[in-house]
Structures are given as C-alpha cells and as structure tokens.
Amino acid sequence: MSQKISLSRYLVEQQRVHGHIPSELRLLLEVVARACKSISHAVNKGALGGVLGSADSENVQGEVQKKLDIIANEVLIEANEWGGHLAAMASEEMDSIYAVPNRYPQGEYLLLFDPLDGSSNIDVNVSIGTIFSVLKKPNDDPRKVEAVSEADFLQAGKQQVAAGYCVYGPQTTLVLTVGDGVAMFTLDREQGSFVLTQENVRIPEDTKEFAINMSNMRHWDAPVKRYIDECLQGKEGPRGKDFNMRWIASMVADVHRILTRGGVFMYPWDKREPDKPGKLRLMYEANPMSWLVEQAGGASTNGRQRILDIQPQKLHERVSVILGSKNEVERVTAYHQA
Ligand code: AHG
Ligand code: MN
Ligand code: MN
Ligand code: MN
C-alpha cells in the first residue's frame with residue numbers, strides 16, 4: 001500500500017463512494033475506535049497504571065470482574081453516550097441495557113459490546129480485546145419516538161449493520177465489517193490513528209489447525225468428540241493429515257488468528273452446564289465474530305444452524321460456537337446431523 005489510508009478515510013469512502021454506511025454510523029464507529037484506543041493505552045500501562053487484578057464485584061453471568069473489565073466498560077459508555085448516534089448500549093458487564101440519558105440527543109443505533117474479552121489473560125500479559133456489534137433500533141411507527149427497551153436489542157445477528165473487534169496484542173489492531181468484506185487497521189501509536197493494513201481479508205476454506213479448550217473433552221457431545229478425535233489421529237486417521245492445536249483463551253485473539261491464516265475455533269455446549277446452550281454470549285461475542293468470519297468467506301454455526309439466523313430470546317443469551325474455515329465448520333456441523 002503506497003499511501004496510508006486511515007480508518008477515518010476508509011469510513012468516509014464507505015459512506016461516499018460505496019454508499020454502505022450513513023454518516024451517523026460512520027461517526028459512531030469513529031467513537032468506538034477512539035474508545036478502543038484509550039482502552040489500549042490502559043492495557044499497555046499494566047501494573048504501572050494500577051489496572052491489573054480483580055475488582056470486588058461479579059457481573060450478571062456470575063463471573064468475578066477484573067478491574068479492566070470495569071474500566072473498559074466505562075470508557076466505552078463515556079465515549080459513546082453523548083454523541084447523538086445511539087439510543088442505548090448493552091454490555092457483558094451490565095445486567096440490563098443502558099439507555100442514553102435524556103440530557104443527550106438520542107440516535108437510532110444500538111451498540112453492544114464485550115468491553116474486555118479474555119479476562120483470564122489480563123494479568124499474564126497475553127492478548128485481550130474488545131468486541132462490538134451495532135444494530136438499528138426498530139422503528140415501527142416513525143411518527144412517534146418510543147422509549148428504547150431490551151426487546152429492541154433482540155434481533156438476529158444477520159441484522160447487524162457493523163461489527164468488529166480490537167485486539168490488544170503485540171500490536172493493537174481494529175478489525176471491522178460494515179457488510180463490504182473485512183478490513184484490518186493497525187494502531188500507529190506515534191500518529192494516534194488506525195491505519196488500514198489489510199483489506200478483503202479471506203479465510204482459507206481448508207485448514208490443519210483447530211482451537212478448543214481440550215481440558216473440557218470429557219464433557220463434550222459426541223459430534224465434537226468425533227471431530228477432534230479424527231484430527232488427533234493425524235495422517236494415519238480418516239483425515240489423512242496432521243493437525244496442529246492453538247488455544248489462547250481470548251476469543252478475540254483466537255478469531256484474529258483464524259481471520260489471518262485460517263483454522264477452526266470451537267466453544268461447544270458441554271455437560272457441565274447442560275441447561276446452558278454454551279459458554280459464549282450470542283449478542284456481543286458470537287454474532288459480531290460470526291459476521292466477520294462470514295464476510296471473510298468462512299462459516300459459523302452452533303452445530304445445528306447458522307449463528308446469524310438465531311433469534312435471541314434474551315440479552316445475555318449463550319450459544320455454542322463453531323467458526324472459521326468453511327470446509328471444517330461444515331464438517332463439524334454435518335457430524336451434528338449424522
Ligand atoms: P470474557 O473474558 O469476555 O468473559 O470471555 C472469555 C471467553 C472467551 O474469550 C474465551 O474463548 C473463553 O472465555 C475461554 O474460556 P475458558 O478459559 O474458561 O475455556
Ligand atoms: Mn467475562
Ligand atoms: Mn468475551
Ligand atoms: Mn468480557
């Protein structure tokens with residue numbers, strides 16, 4: 001790339017040249033990116049910034065919150081609430097939706113986020129990230145402005161108008177889709193701006209790499225066990241090739257690897273919590289990642305259906321996730337039907 005293209009310019013071109021996004025959405029994405037930049041600075045300071053360790057609280061999912069879970073959540077809210085683009089926000093770290101306060105202008109978008117993904121990696125200096133998803137507030141009757149409610153958020157992933165994540169690793173990289181493929185932007189710390197470093201991201205259809213928490217093997221369902229068993233048999237088994245395993249335990253970092261060089265990522269349902277469909281959250285983890293993966297030519301299912309088709313019943317709904325290289329995801333999904 002001879003000339004550097006900033007995120008701002010990319011978004012302006014998406015609006016003006018390609019007609020993909022209205023200016024309100026463009027400005028909203030600029031604000032999300034700014035918030036990610038500021039989370040990235042906090043992450044980088046680590047122990048020097050006093051941001052490591054746990055807080056004395058639990059979130060609605062019963063997880064002990066880390067200080068950085070709370071800091072990232074606050075940064076995203078403070079950055080986004082006054083801009084006039086949003087009606088409300090929802091987050092892993094908040095029990096219910098956060099309506100934009102009356103003192104600020106109301107917009108037509110809904111923003112969902114996992115403010116800090118990979119919490120267990122914060123204190124050990126391993127890649128973590130922020131995941132976000134943008135929906136439009138449904139407006140049945142344009143003559144009256146109705147108060148925003150949780151029901152407005154309960155839209156299938158295929159309704160998303162923008163989705164992305166920012167990974168805080170050796171580099172800070174923002175990955176975005178507005179429905180026109182996937183683009184990656186690297187944070188230039190001297191300039192303080194995100195610069196386009198890859199466009200038209202494509203996930204290879206085949207792979208020899210899988211990502212799953214193997215310690216849960218004894219709890220998995222038969223189709224997932226069968227798939228991994230066959231991978232582990234390598235060249236001598238039915239797959240006729242050796243597989244490699246990578247597992248970072250930050251969904252952002254695992255998905256980033258898959259967008260970069262292919263692979264399959266799974267967090268399947270397991271027997272430990274039979275009543276929960278899975279561990280990962282549908283609306284602010286699985287949906288944005290599934291759209292990115294599909295936009296890059298990959299696939300994403302819960303073993304039985306396309307994740308983007310699932311009609312959510314509640315904000316913090318969980319889901320089983322199988323995503324990445326198309327042929328592998330189709331294979332695992334077929335094993336569920338067998
Ligand atoms: P979060 O830190 O936002 O709660 O999400 C953690 C998720 C995800 O990033 C990762 O894939 C998975 O949890 C790892 O979980 P385990 O280490 O419990 O298997
Ligand atoms: Mn969490
Ligand atoms: Mn997460
Ligand atoms: Mn989180």
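Numbers run from 1 along the shown chain.
Cβ coordinates are placed from backbone N, Cα and C, and glycine is handled just like the others.
TrEMBL annotations: computationally assigned, not manually curated.
Binding of Mg(2+) 1 is attributed by TrEMBL to ASP114, LEU116, and the same site annotation extends, among GLU92, GLU93, GLU108, to GLU92.
The annotation in TrEMBL ties ASP114, ASP117 to Mg(2+) 2, and of the candidates under consideration, GLU236, GLU273, GLU285, the one tied to the same site is GLU285. Among the candidates LYS158, LYS271, LYS276, LYS279, the one that TrEMBL lists alongside ASP117, GLY118, SER119, SER120, ASN213 as binding substrate is LYS279. Checking the binding-site residues ASP114, ASP117, GLY118, SER119, ASN213, GLU285 for a CB within less than 6 Å of any atom of ligand 1 leaves ASP114, ASP117, GLY118, SER119, ASN213, listed in sequence order.
Sequence-ordered, the extra residues of this chain that approach the Mg(2+) 1 site, with Cβ no more than 8 Å from the Cβ center of GLU92, ASP114, LEU116, are ASP69, ALA72, ASN73, SER91, GLU93, PHE113, PRO115, ASP117, SER119, THR130, ILE131, TYR284, GLU285. Within 8 A of the CB centroid of the substrate site residues ASP117, GLY118, SER119, SER120, ASN213, LYS279, the other residues of that chain are ASN121, ALA249, SER250, MET251. Taking the mean position of the Cβ atoms of ASP114, ASP117, GLU285 as the Mg(2+) 2 site, the remaining same-chain residues with a Cβ inside 8 Å of that point are GLU92, PHE113, GLY129, THR130, ILE131, TYR165, MET251, VAL252, LEU280, ARG281, TYR284. Proximity of the binding-site residues (ASP117, SER119, GLU285) to ligand 3: a Cβ under 6 Å from the molecule is found for ASP117, GLU285.
Candidate binding-site residues: ASP114, GLY118, SER119, SER120, LYS279. Nearest to GLU285 (Mg(2+) 2 binding site) by Cα distance: ASP114. Among the binding-site residues ASP114, LEU116, GLY118, not one has its Cβ under 6 Å from an atom of ligand 2.
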